[in-house]
Amino acid sequence: MMTHWPSPAKLNLFLYITGQRADGYHTLQTLFQFLDYGDTLHIEPRHDGEIHLLTPVTGVENEDNLIVRAARLLMKVASESGRLPAGSGADISIEKRLPMGGGLGGGSSNAATVLVALNHLWQCGLSIDELATLGLTLGADVPVFVRGHAAFAEGVGEILTPVNPPEKWYLVAHPGVSIPTPVIFKDPQLPRNTPKRSIDTLLKCEFSNDCEVIARKRFREVDAALSWLLEYAPSRLTGTGACVFAEFDTESCARQVLEQAPEWLNAFVAKGVNLSPLHRELL
C-alpha cells in the first residue's frame with residue numbers, strides 16, 4: 001500500500017487580473033503547470049476514526065491546517081453519503097520543502113494530495129469531479145491539484161481547461177520573504193482591467209504576471225531576485241509571490257545559473273510537467 005504521496009509545486013506561467021466582482025474576489029486568467037518538485041505527505045491509515053497530523057506547522061494550529069481540514073472534509077462528506085468505511089482515520093506527516101507564502105501552491109497542493117490519497121486509501125469511491133468540488137471549498141487553487149493536469153484557469157481560478165504547454169526547466173528562487181495573498185490583491189495600484197483573451201491568443205503572447213509590479217514595489221527582496229534572474233533568462237513572479245522563476249530549455253543551462261545564485265537566494269531547479277507527480281504515481 002502506497003504511504004508516500006507527492007504534493008507538487010505549481011507555477012503560474014502567466015497571470016492576468018481581468019476584473020473584480022462585487023464580493024471582492026478578482027477574476028483572472030492564468031496558466032498552471034506543475035513542477036517535479038514539492039512536499040511529500042506520509043499517510044498511514046488508522047482504524048479508530050482519528051485524524052492526527054504528526055508534524056505541526058509553525059504558526060498554524062493543527063485544526064486550521066489545510067491538511068487536517070481536507071481530511072475532515074472528506075471524512076464528513078463520505079460519511080454523509082454512506083461511502084466511508086467504519087473507523088477510517090489517518091496519521092499524516094509532511095516533509096515540507098515548499099515555502100509558506102511563496103506562490104508555489106504548497107498549502108493547496110497539500111490539501112489536494114490528502115483528498116486524493118485518503119479517497120484512495122479509505123476506498124470511498126468519490127469521483128475526481130466530487131473531490132475537485134470539495135477542494136474548491138478549501139481554496140481556489142485546490143481543484144487544479146486534484147485534477148492533476150496543467151490547466152488554463154478563468155473565473156476566480158475555478159474554471160479549468162486542460163492544456164499542454166511546453167515542459168521547460170525552471171530555476172525557482174525564494175527571496176526570503178513571505179507575501180500574504182491579500183497584500184497584493186488589496187493594493188489599490190494592482191492592475192484590475194487586463195482585457196480577457198482566448199487561450200490560443202494568450203499562449204502566443206509573451207507571458208507576464210499582473211501581480212509582479214506590486215510585489216516588486218512593496219518587497220525589495222522580490223525586486224532584487226527578479227533583477228538578478230533577468231540577467232540570465234526570461235523571468236517572472238509566480239502567483240502573488242514571493243517566489244520568482246526563470247525558464248530554460250535544458251536542465252544544464254538552469255543548473256549553470258543556479259551555481260551562480262547569490263547566498264541570500266534560496267533556489268532550486270525543477271522540470272515543468274503537465275501531469276502532476278501525484279497522479280503519475282497513481283497510474
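Keep in mind that glycine also has a Cβ here, set from the backbone N, Cα and C atoms.
Of all Cβ atoms in the shown protein chains, 27 besides its own fall within 10 Å of the Cβ of Lys10 (active site). Feature annotation from Swiss-Prot assigns active site to Lys10 (among others); the stated evidence is sequence analysis.
Taken from Swiss-Prot, the feature active site applies to Asp141 (among others), supported by sequence analysis. The Cβ neighbour count for Asp141 (active site), using a 10 Å radius and every protein chain shown, is 24.
Take the CB of Gly103 (ATP binding site) and look out to 10 A: across all protein chains shown you find 31 other CB atoms. Mapped onto three states, the DSSP output places Gly103 (ATP binding site) in coil. Sequence annotations record features per position, and here Swiss-Prot assigns ATP binding site to Pro99, Met100, Gly101, Gly102, Gly103, Leu104, Gly105, Gly106, Gly107, Ser108, Ser109 based on sequence analysis.
Every protein chain shown contributes to the tally, and the Cβ of Gly105 (ATP binding site) ends up with 28 other Cβ atoms within 10 Å. Rounded to a whole value, the Cα-Cα separation of Gly107 (ATP binding site) and Asp141 (active site) is 9 Å. Most other Cβ atoms within 10 A: among the binding-site residues Pro99, Gly101, Gly107, that distinction falls to Gly107.
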